[in-house]
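What TrEMBL records for this protein:
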| type | residues | note |
| --- | --- | --- |
| TRANSMEM | 33-55 | transmembrane segment |
| DOMAIN | 37-503 | domain 'Major facilitator superfamily (MFS) profile' |
| TRANSMEM | 75-96 | transmembrane segment |
| TRANSMEM | 103-121 | transmembrane segment |
| TRANSMEM | 127-148 | transmembrane segment |
| TRANSMEM | 160-180 | transmembrane segment |
| TRANSMEM | 192-210 | transmembrane segment |
| TRANSMEM | 322-344 | transmembrane segment |
| TRANSMEM | 359-377 | transmembrane segment |
| TRANSMEM | 389-409 | transmembrane segment |
| TRANSMEM | 415-436 | transmembrane segment |
| TRANSMEM | 448-467 | transmembrane segment |
| TRANSMEM | 479-497 | transmembrane segment |
Amino acid sequence: MYASREDIGYDFGDDSKVGSKPVKPNPNIDGGWAWMIVLSSFLVHILIMGSQMALGILNMEWLEEFNQSRGLTAWVSSLSMGITLIVGPFIGLFISMCGCRKTAIIGGILNALGWILSAYASNVHYLFLTFGVTAGIGSGMVYLPAVVMVGQYFQKRRALAQGLSTTGTGFGAFLMTALLKYLCIEFGWRNAMFIQGAISLNLCVCGALMRPLSHKDIVSEKYVVRSNSEDNQAKVLSHSAETIKSNGVLSEESEKKEAATNEEVLDSVQHIEIGGKSRSGRNMYGLRILKTVSQLTVTVRKGFAIWYSSYFGAASLFTNRVFVAFIIWALFAYSSFVIPFIHLPEIVKQYNLSSQNNIFPLTSIIAIVHIFGKVILGIISDLPCISTWNVFLMANFTLVTCILTLPLMQTYVSLAVVCALIGFSSGYFSLMPVVTEDLVGTKHLANAYGIIICANGISALFGPPFAGWIYDITHKYDFSFYISGLLYMVGIIFLLIQPCIQKKQPREKSTEEAQV
């Protein structure tokens, strides 16, 4: 259980005014257009995450085409997946300046451009730039807004909404694998990438569906959350609120001063424009350009100020120790989920289980159960008597136990059972945005979740190569699972220790004051 976003102290402005007068709940919160946001996010997960999980088809084509080593060729896929997540903090800056809709549309164009340019690749290094970097950055610019928008539109059923939207990853893994395999057979891998680039332009449509909430909607949302705060599960991590508040938050006065300064700039330009009406049309055109540039400058400055304060200011997200522990956990968690997808085929071959695995691959079992895990864990977490934090921790414990015991299984049935548990427990991915939002608030969700997925990206980028390096030394896959599982356990311990420390400190302080 953890503190709700209003308890954390990250809502800038006078919250007492918001809660003093009842505001009619907006129908788009937890309903109405909110479900279109879920659909948009679902399609984004299909087109981005699903495509990345199907890159094994293209990897085989690249090996045959360019005759490079498996390690070098594999970096193309690793760069694409890693950069998609690593650029999260910088995408948070774009969201602060331009909003989720514009960021996602630009990202859709960039992602499609990366796919299309990759169709003309002459070597693997060319793919590093076009597919790994260009398409990867584009994917990140669409993925983060898709997650953030669901968090903004849902309060009562956030976990369920995130679970439904992220199931697109599992569906996309099946759809995109079949699609890319068919396109490569019928048209060749170059034309397949060109066609996939055209399909990726639908990400722009998904971005257009991300209609931003108006200020009135946000005020309404704040009141609804406050009126139901007693029913929230946010109790155990409420100590993180004191940490952030004690380290300072951007005051309302500073915002008012900045807003007043911005208005003065625009007003001065408007006065110049009015005075210039008596002048020639050429001068009027120049003044309009000056006004547009001034408005753009104000927007950029305001967005950068919010982004900078979240990371480096007095109200930095890093002053929240629980959030820092969450980042450390994310550095080790994602690789434990990715490694089985890479090494399971080789393990099956070592145990002479290829015939059974060909009928129903173990990786397919993980993907299928993963879909149900996200939805079921989301439904359970939204129950009023259930703590989302506890569900999140239990799923993590189950997953790390499966990772550590998987090397001990040597029959297809036992491996299938463990893989099913891995798929179900890894459904906690749908709870990550919910936990993040409850730690830092909706306003800082974009920047905070950007940091979390950046940590996941580092894990995805270096985790599998590290596991392969361990295999080269020991000539066994067992140690890869053991080491990744132990590192994962370290991250979970950080999540458990920090709340206890934070909860203990206020008690010690109050005791000292009583003695004085």
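Using the three backbone atoms N, Cα and C, a Cβ is placed for every residue, glycine included.
All annotation found in TrEMBL is predicted automatically rather than curated by experts.
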Of 33-55, 192-210, 415-436, whichever stretch has the most CB pairs under 8 A to the transmembrane segment (103-121): 192-210
Cβ-Cβ under 8 Å with the transmembrane segment (322-344): same-chain residues at least 6 beyond its ends: 2, 53, 237, 239-240, 362-363, 366, 396, 399-400, 403, 406, 415, 419, 422, 426, 435-436, 439-440, 448, 451-453, 455-460, 462-464, 466-468, 471, 477, 480-481, 484-485, 487-488, 490-492, 494-495, 497-499, 502
Non-local residues, at least 6 beyond the ends, that sit with Cβ under 8 Å of the transmembrane segment (160-180): 34, 38, 41-51, 53-54, 56-58, 146-147, 150-151, 153-154, 192, 196, 367-368, 370-371, 374-379, 381-382, 427, 429-431, 433-434
Surrounding residues of the transmembrane segment (192-210) on its own chain - C-beta under 8 Å, 6+ positions past either end: 36-37, 39-41, 43-44, 47-48, 51, 58, 100-105, 107-109, 111-116, 118-119, 138, 142, 145-146, 149, 179-180, 183-184
Overall pLDDT for the domain 'Major facilitator superfamily (MFS) profile' (37-503), taken as the rounded mean: 77
Segment-segment contact (the transmembrane segment (415-436); the transmembrane segment (479-497)) at 3 or more Cβ pairs under 8 Å: no
The transmembrane segment (479-497) versus listed stretches 33-55, 75-96, 127-148, 389-409: most Cβ pairs under 8 Å: 389-409
Candidates 33-55, 75-96, 389-409; stretch with most C-beta pairs under 8 Å toward the transmembrane segment (127-148): 75-96
Intrachain residues whose Cβ lies under 8 Å of the transmembrane segment (75-96), provided they are six or more past its termini: 48, 52, 55-56, 58-59, 62, 103, 106-107, 124, 127-128, 131-133, 135-137, 139-141, 143-145, 148, 302-304, 306-307, 310-311, 446-447, 449-454, 456-458, 460-461, 464-465
